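Here is what Swiss-Prot records for this protein:
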ACT_SITE  166  active site, proton acceptor
ACT_SITE  285  active site, proton acceptor
BINDING   114, 164, 168, 286, 318, 370  substrate binding site
BINDING   192, 194, 195  Mg(2+) binding site
MOD_RES   5  N6,N6,N6-trimethyllysine
MOD_RES   192  N6-carboxylysine
SITE      325  site 'Transition state stabilizer'
């Protein structure tokens, strides 16, 4: 007789283990599972655990050469989703040995790899991940983190202000640098390359880097404040990306930028290591995130992408506005904003946080609020995001009727007014509009901005 029982397997026999005690070293995942009609929850949950770890669809001879018990993923808990009939949350525990140290790429290849195309499931969404301390410690994380960034920039006690240079495509390098200078001169801390500005025929990267560096040094000299421009180093190859980062370092600028999802985690981690070694801050843009996180029942929630970025490395990351033109529910957004900034985050399902996460002193990331925001939003943004954030007004700066510099002045005056009001104990949520109106009496630039964008 054959030494093992051949044939197609019932996953739940091996991979559904409701009495399993999770280990401190396990990576834990919460999946929202929508099985095909007729597939029981236990089988679907077990299938997810199997397909994203050691399983294959049939019993194989080589299973006998290893210890499945040591290496298999386990579905250890299943709970129904309130208000959804055929949907539930499956909790899966993965032994740490399944993952390469310091590789977000490998972690995702396993956990969100082939399993998302699995036939027995109608849809699958990864809602949250618990990264164990032992695995966190294998990552460098953000190049510098929030405190070091404040020290480098000498800016304390308030959110930082940025602006994306528009029109995003079509300006020459010289005119682009001119727009950068105007914004920084007016009072912003940062300006930003748009995520799709890489190195195109109308503006090659080296020319842009040069003119932007000139603009920020001129603005720095005139304002006495440290200025930055996020130079987008994203490129078609890792070598080209590093070449751009090297040139930024040679120019002596404080910060570069990367599109971490389109560029990929391998490239991102490479750049993050370079940035720490060379004293550059790293701004991260999340272009492509909505492809992955927009669907409610398939894909990955952004909080998982945010956690992955903190491991891979970045000092700023775009994370929605709660107000403005891009969607984002307040509690949920604040949940992953805290995951980015804090050292320790408690499990709290009302904020979408399925697991308690301890970052064991990995530096924090500044959340960036960007997209359709303007001066009237300033009180709400200051209240929601607090000091440790970057508020980015693209059109909200460049759309000012008098030009970029006055637009920058309006934003800076509005921000300083909100911070001062908050420090005096006023309630930004209820008195916000009044605070902006009072400030606009002393600032014609702000008054003009208040006219253009109605409260």
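The backbone N, Cα and C atoms fix where each Cβ goes, glycine too.
Structural mapping of features recorded in Swiss-Prot.
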residue: 114; record: substrate binding site; Cβ contacts under 8 Å, 6 or more apart: 51, 52
residue: 164; record: substrate binding site; Cβ contacts under 8 Å, 6 or more apart: 191, 192, 193, 194, 370, 392, 394
residue: 166; record: active site, proton acceptor; Cβ contacts under 8 Å, 6 or more apart: 194, 394, 395, 398
residue: 168; record: substrate binding site; Cβ contacts under 8 Å, 6 or more apart: 194, 196, 197
residue: 195; record: Mg(2+) binding site; Cβ contacts under 8 Å, 6 or more apart: 232, 234, 259, 285, 287
residue: 286; record: substrate binding site; Cβ contacts under 8 Å, 6 or more apart: 259, 260, 261, 302, 305, 309, 317, 318, 319
| task | Taking the residues 114, 164, 168, 286, 318, 370, which the record names as binding substrate, find the longest CA to CA distance and state it in Å to the nearest whole number. | result | 37
| So, in DSSP terms, is residue 114 (substrate binding site) helix, strand, or coil? | helix
| note | Students should find that the Cβ of residue 192 (Mg(2+) binding site) has, within 10 Å, a number of other Cβ atoms equal to 29
| said: I'd like to know which of these recorded positions, 285, 318, is least surrounded, judged by other CB atoms within 10 A. | reply: 318
| Looking only at Cβ atoms, how many others are within 10 Å of the one on residue 370 (substrate binding site)? | 26
| Cβ-Cβ neighbours of residue 194 (Mg(2+) binding site) (radius 10 Å) | 18
| task | Please report the DSSP secondary structure of residue 195 (Mg(2+) binding site), reduced to three states. | result | coil
| request: Could you name the residues, excluding 192, 194, 195, of the same chain that surround the Mg(2+) site, i.e. Cβ within 8 Å of the Cβ centre of those residues, in sequence order? | output: 164, 165, 168, 193, 196, 197, 230, 232, 257, 285
